[in-house]
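Input: a single structure, listed below in structure tokens.
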Amino acid sequence: MALNEAPTASPVAETAAGGKDVVTDAARRPNSEPKKVHITDTPITLANWHKHISWLNVTLIIAIPIYGLVQAYWVPLHLKTALWAVVYYFMTGLGITAGYHRLWAHCSYSATLPLKIYLAAVGGGAVEGSIRWWARGHRAHHRYTDTDKDPYSVRKGLLYSHIGWMVMKQNPKRIGRTEITDLNEDPVVVWQHRNYLKVVIFMGIVFPMLVSGLGWGDWFGGFIYAGILRIFFVQQATFCVNSLAHWLGDQPFDDRNSPRDHIVTALVTLGEGYHNFHHEFPSDYRNAIEWHQYDPTKWTIWIWKQLGLAYDLKQFRANEIEKGRVQQLQKKIDQRRAKLDWGIPLEQLPVIEWDDYVDQAKNGRGLIAIAGVVHDVTDFIKDHPGGKAMINSGIGKDATAMFNGGVYNHSNAAHNQLSTMRVGVIRGGCEVEIWKRAQKENKEVESVRDEYGNRIVRAGAQVTKIPEPITTADAA
């Protein structure tokens, strides 16, 4: 089997083939026959719709559970059987989350041979494919998230990412290739893959039925509740990681792709719901990093470590995690900032002579110059909190001192509002003009900008703000 390969469409079909490459006679004879078009490359019609469906998977994940639900109407649910079904649900569910996912798909920790055998067994009891098939497909999902090479891309629809990718046939050539050398060299993975059908039948149906049958005589109840229905709920929980975790919640670490964090998804999936974190830090054995977040898979792996069954638990440094969080917060702030009116950018303001500024002010235009920037306050005069007389006294003058403490040391909000009224820059060597000229000459000027190219104006860093407040007349 090639080291970098794409998953087959069906876990059972691949296992039935023994996991080996099959070279057909047609492949040995180049150009002997034209290539057959895969059914997924043809449109769905009334005549061929049934060919697009994976009937084996439909039987396993839809038809059999329906049979179980129907039988549950007549089969009484005993308390011991119910408790056993719940316990085995968690056992097989952790076989997927702690075993298939975090151990084999992401190598986020190492396990002793007994633990590997246990996880391979109970993971098989979840009836979600062999370790090799499952982990290979999941690696493709991470490598090609939200693209056509993602085997269960949410971009194809929420229903498709949940169950459609299983019940509809997929062209294996379109699924992204991944590195699986480590899986091919793991004897437990290889053994389970070769004997997968036996593992599924025994661990999925026979074992839970034996426990309830030999334990308290409820053979058929064990078959229906701890077997069929328990498999259905484990599968649906896992499918929620592919669908719900890419649709519901927040994106505190990155929003380039669809993965999201949400407590509801975590509750449904044994802690796999903090998916945005997981896609950013996939080799971390944790999905939840806060003490209050629900992640029983993480807690179980930690307990195994204390028992000597697991070791080399991988964790990203808190510093790197926090950097990602801060960068995403900054990105969200930039998005909000881009929607606000910060006034005409300084570099786009026209440079005007002082005499022109004075003349326009004398001719009835309410212009005020503060720190070399001209502001038109005509429409604001009547709303000025300090009264009309106060603001009128600064029209046509340099009101820098007046605005920054000479009369009143204006608030940060006042500086922000003032920035939306600026209309020009005074010529004459003032600081703002020097800054503006340097911009035109492409000289390096201290100016922090966000990802959209907008200048970031921090509180107290407005161009009209004088660092040291000027002493007021009363204080003098």
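Just so you know, glycine gets a Cβ as well, placed from its N, Cα and C.
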Going by Swiss-Prot, H141, H275, H279 bind Fe cation 2; tell me which of H106, H162, H246 is listed for that site too.
H246
Quick check on K80 and H38: does Swiss-Prot annotate them with the same topological domain, i.e. the same side of the membrane?
no
Looking at Fe cation 1 binding as recorded in Swiss-Prot, which candidate out of H278, H292, H375 goes with H101, H106, H138, H142?
H278
Match it up for me: which of 200-220, 389-409 does Swiss-Prot list as transmembrane segment?
200-220
Long-range Cβ neighbours of the motif 'Histidine box-1' (101-106) (under 8 Å; 6 or more residues past either end)
116, 119, 131, 134-135, 138-139, 183, 186, 189, 272, 282-283, 285, 297, 301
Determine the mean pLDDT over the domain 'Cytochrome b5 heme-binding' (349-427), rounding to the nearest whole number.
88
By a Cβ-Cβ criterion of under 8 Å, what residues six or more beyond either terminus of the motif 'Histidine box-2' (138-142) are in contact with it?
6-7, 100-101, 105, 149-152, 175-180, 242, 279, 282
